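According to TrEMBL:
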- 4-244: domain '14-3-3' (DOMAIN)
- ARG56: site 'Interaction with phosphoserine on interacting protein' (SITE)
- ARG129: site 'Interaction with phosphoserine on interacting protein' (SITE)
- 233-270: region 'Disordered' (REGION)
- 233-250: compositional bias 'Polar residues' (COMPBIAS)
- 261-270: compositional bias 'Polar residues' (COMPBIAS)
Amino acid sequence: MGYEDSVYLAKLAEQAERYEEMVENMKQVASEDQELSVEERNLLSVAYKNVIGARRASWRIVTSIEQKEESKGNNSQVGLIKEYRQKIEAELAKICEDILEVLDKHLIPSAKSGESKVFYHKMKGDYHRYLAEFAIGDKRKESADKSLEAYKNATEVAQTDLAPTHPIRLGLALNFSVFYYEIMNSPDQACHLAKQAFDDAIAELDTLSEESYKDSTLIMQLLRDNLTLWTSSEAETNAPEQSTAATATNAEPKEDEPVPSESTADATAA
């Protein structure tokens, strides 16, 4: 199958919401070892994000149920739930290892523009972070270290090649700050990174191009939402006598999401 056919089938699979097939089509495209267009990059990102996103959501639900059953002392159910959770974890690991291999073998070596380099190193950081979410012991540390290294590599290029208002640079800051908060358990570092990115973008808001205005301002809002969530969580931690019932400390922090292709957006709108 040719390059253009694979791209077309990936778009078709996206509209049909058959994301596993979309992944296979975009892996074929990536294996050609040439720099992907913005649209092709987004197709790849959307494909993997949907495949991994469904399983991350499942893992969170099952883990929550497991904790509740453990607290009730329902050992027979806990055993079944643990097996089921491990099945989901095996699927998560397979997907992460799959895209990480594609990134290391094909996409990162073929990236020429600063934008592409940031995009792929950020993606590498994201998928090592997803591994760290459920790994334990040395495996967790290894995934966290690799995630940190990838995010740092992306940040280095972003700070020299991309404007503070660029949606990819903002998305990187958003996900890197989530990494510090959730994986490294460093709320101060997470808040500092998110606030710095937000402030830098605000200072150059007048340089925003029309085509990226919507994406950039959306990610800036997500940075702000996370800062609000994290600072309120910290305030509660430091004031345990206050009631926490009405607060959202257990809410999930917001992450950067890939933009669906226009064909899908149009199909959804219709």
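The backbone N, Cα and C atoms fix where each Cβ goes, glycine too.
Quick caveat, the model's predicted, so the values are computed rather than measured.
Long-range Cβ contacts of ARG56 (site 'Interaction with phosphoserine on interacting protein') within its own chain (separation 6+, distance under 8 Å): LEU92, TYR130, GLU133. Summarising the environment of ARG129 (site 'Interaction with phosphoserine on interacting protein'), the number of other Cβ atoms within 10 Å of its Cβ, over all protein chains shown, is 24. In the predicted model, the domain '14-3-3' (4-244) shows an average pLDDT of 95.
DSSP gives ARG129 (site 'Interaction with phosphoserine on interacting protein') a helix state.
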